[in-house]
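Peer 1: Pasting a structure below so you can have a look.
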Amino acid sequence: MTYLLALDQGTSSSRSIVFDERGHIVAQAQLELPQIYPQPGWVEHDPLEIWRTQIATARDALAKAGIAANAVRAVGITNQRETTVLWNRKTGQPVHHAIVWQDRRAEPACAQLREQGHAATIQAKTGLLIDAYFSGTKLQWLLDHVPGARDAAEAGELAFGTVDSWLIWQLTGGKRHVTDVSNASRTMLFNVHTNQWDDELLQLLRIPRALMPEVLPSASDFGATDAALLGGPIAIGGVAGDQQSALFGQACFTAGMAKNTYGTGCFMLMHTGSRFQKSENGLLTTSAAQAGQSPEYAMEGSVFVGGAVVQWLRDGLRAISASSEVQALAESVPDSGGVMMVPAFTGLGAPYWKPDARGTITGLTRGTTIAHIARAALESIAYQSAALLAAMSRDAVAAGGAPVSELRVDGGACVNDLLMQFQADLLGIPVVRPAVVETTALGAAYLAGLASGVYASTDELSALWQAERRFTPTLPRSQAEALMARWEHAVAQAVLPG
């Protein structure tokens, strides 16, 4: 039996999963990652803790699987994107905590870039909107605020990387300073047309090129693990940012295929093939995970509050005592009784981009019960995702493509059958849940398997991918469209005047 080891380094935890060559989970291990909040709006991780927890889970997963390093054909890495690490090349020690993707300290630098009129150039080169979310301005902040960092960077003494680069550096004993195209595309410094760091953008943000890692396709030779770490060397063959890895793990390899990850928020990506498509609907264009040399792209949009609305029902309203109870409560009524919830607790993300919107519950009557509110809360996840998919399809059609014909789903909330059926009803297309819902880690394993010859092509991976359940629409389109119109009316009410 051939095995693949996926390292899945996330915002709140580090995980490792051993897969067999059929893509089935053999063993897994997980450790929580401490969050550091130095002041409001700032979020950091200790890079040494990222490394400690990740290597510990890798050892644990191999032990649970009962296999030695020589049974593992290759390692794949997937990671929280945009999080920024800066370290000393000689010592391998970080010069500061990692600045996490949620961190907003670089907002003044982003505002300055917008005011100077750089938005169009940055979007044309990178596919991204100027935002503190991305790595470029985080790295700029580190160079400007860590004593001696800029001089050391210009002297070639420091290395920058997203979390994948940091892990590869540690895994290879400092031999390789590399990243993949999908992670590089989240820095605001990478030209997604040429697949290279962009000198104009590096100069604009005053980033020395000597800092930057080599960029490789997502299925490549990223080096090998130091023999002392896992009991023998293992080739590192696959790397991709978490959302692109999930798209790959869902076997969405061709233009028009899309996936939605239902987590705390929702992340939707649609593959656009070799077509770089600038969104007219507030979506990002990003590099997809690439198995070959040619650039491939995806459109991306995110919903801020997805499964988090269920946590709010539990912790805020105390309507349920455990998240698992929400489906039964919502199913105790035939519909929401006209209640609409817009969970704009932190504004609305794509495709609305209304940061000032606030949450609303409308359509209340004397007959409204907590069950109606629970159902409206659950349905709000589907409404937001439907609005996002409609925006993606509009962009695709405008660029000469076809609208999305089915949506593949993963993430914690995709196990909720009521939500998935309502999602299919709103979209008017099938919603498909895979047999293996750990698609983010699976994508990294697939990429590693391609690079190491376990799989011959993505066609082989498409044949391996299996659906666990297919939800087909049961609602007439006229009814679904009427519901979406009511949703859009509720969204308009969530944006307060003033």
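Cβ from N, Cα, C; glycine included.
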Peer 1: Could you look at Asp221, Asp226, Asp242 and say which one Swiss-Prot places alongside Thr11, Arg81, Glu82, Tyr133 in the sn-glycerol 3-phosphate site?
Peer 2: Asp242
Peer 1: Tell me the Cβ neighbour count for Arg81 (sn-glycerol 3-phosphate binding site), meaning other Cβ atoms within 10 Å of its Cβ, over all protein chains shown.
Peer 2: 25
Peer 1: DSSP three-state call for Asp242 (sn-glycerol 3-phosphate binding site): helix, strand or coil?
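Peer 2: Its secondary structure by DSSP: helix.
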Peer 1: When the Cα-Cα distance from Gln311 (ATP binding site) is computed for each of the binding-site residues Arg81, Glu82, Tyr133, Asn416, which gives the smallest value?
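Peer 2: That would be Asn416, nearest by Cα distance.
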Peer 1: Return only the integer: C-alpha distance in Å from Gly412 (ATP binding site) to Gln243 (glycerol binding site).
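Peer 2: Approximately 14 Å lies between the Cα of Gly412 (ATP binding site) and that of Gln243 (glycerol binding site).
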Peer 1: List the Cα distance (Å, whole number) between Gly307 (ATP binding site) and Glu82 (sn-glycerol 3-phosphate binding site).
Peer 2: 22
Peer 1: Do me a favour and check the Cα-Cα span between Ser13 (ATP binding site) and Glu82 (sn-glycerol 3-phosphate binding site); whole Å is fine.
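Peer 2: Cα of Ser13 (ATP binding site) to Cα of Glu82 (sn-glycerol 3-phosphate binding site) measures 16 Å after rounding.
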Peer 1: In whole Å, note down how far the CA of Thr11 (ATP binding site) lies from the CA of Asp242 (sn-glycerol 3-phosphate binding site).
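Peer 2: Asp242 (sn-glycerol 3-phosphate binding site) and Thr11 (ATP binding site) have their Cα atoms 10 Å apart.
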Peer 1: Which one is it: of the binding-site residues Gly307, Gly412, which Cβ has the fewest other Cβ atoms within 10 Å in this structure?
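Peer 2: Each of the binding-site residues Gly307, Gly412 was scored by Cβ atoms within 10 Å; lowest is Gly412.
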